[in-house]
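Data block below; observations after.
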Amino acid sequence: MANFKGHALPGSFFLVFGLWWSVKYPLRYLNSKVKGNCRSNKCYDRLELIEGILKALFSLIGILAEQFVPDGPHMHLVNGEDHSWVKLMNWQHTTMYLFYGISGVVDILTYFPLNLPRGLDRLSLGIAVIVEGLLFYYHVHNRPALDQHIHSLLLIAVFGCAISIMIEVFMRNDIVLELFRASLSILQGTWFWQIGFVLYPLGGAPEWNQTDHDNVMFITMCFCWHYAVALLIMAINYSLVYYCVNRHKKLPVIVDNGLIKINSKKAEVEASLLAGSDEE
């Protein structure tokens, strides 16, 4: 959709998944470092399954939104009267959602005992991100300078994310790569929203001059600010997860110490009773 909603929708999806990853991966990493932690990986496998279902569901919502909005193509690619293309921008967004939907289906299949190759879920996600980047690279040709530039900045986050995911295919459960991917996903989410605000101002806000070079300079600086905020969010979430994991780790120690004290007092009472009976 060539409007604000068409950018807010994918932005929301990327933001949700980026924020979720910024919590899930530190939680798994820090729990794995807890000595004597006997938790099974089944819990995290279920989370992967839920994540795959949500990814497929969000993709389906995106496809339906792009195709069946009032001014959408309604599954028509070619106009039957003059044989012209019908709403190719909507079709490009639909294609992007399609590949993310495939990634979600692969995540779901990975959960079941089908003996799928290890890393196939990451590979399918990496392909989806590459397709997204390819589509957006040819998305704004012959458009005003600011429009082209703001979309080209998005490609930095997209292809950076793709490279990270492709490395994850061979380096599974690497916390640095996972956090890097999460930060770039948050960046994609917030930047989609920024694109919407710049190209389609809301509430009667003044329109941006698409040919002013100062606007191009500001947008570049603004992109860096967005990533700084994404890194700040990552740091806050990691700190909160670290605090919660450490607090939970200390609870068994406190309980064990309490039981030791109770048992020692019980032993003292029994000893005193035995001593009293011996004297009698």
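Each residue, glycine too, has its Cβ placed from N, Cα and C.
Swiss-Prot lists 7-27, 49-69, 96-116, 120-140, 150-170, 184-204, 216-236 with the feature transmembrane segment, giving sequence analysis as the kind of evidence.
Residues 1, 5-6, 9-10, 13, 16-17, 20, 75, 90-91, 93-94, 96-98, 100-101, 103-108, 110-111, 121 of the same chain, all 6+ positions outside the transmembrane segment (49-69), place their C-beta atoms under 8 angstroms from a C-beta of that stretch. Listed as Cβ neighbours of the transmembrane segment (216-236) (distance under 8 Å, sequence separation of 6 or more from its ends, same chain) are residues 18-19, 22, 145-146, 149-150, 153, 156-157, 179, 182-184, 186-187, 190-191, 194, 198. Residues 1, 44, 47, 51, 55, 58, 61-62, 65, 93, 96-97, 175, 178-179, 181-193, 195-196, 199-200, 230, 233-234, 237-238, 241-242, 245 of the same chain sit 6 or more residues outside the transmembrane segment (7-27) yet have a Cβ under 8 Å from a Cβ within it.
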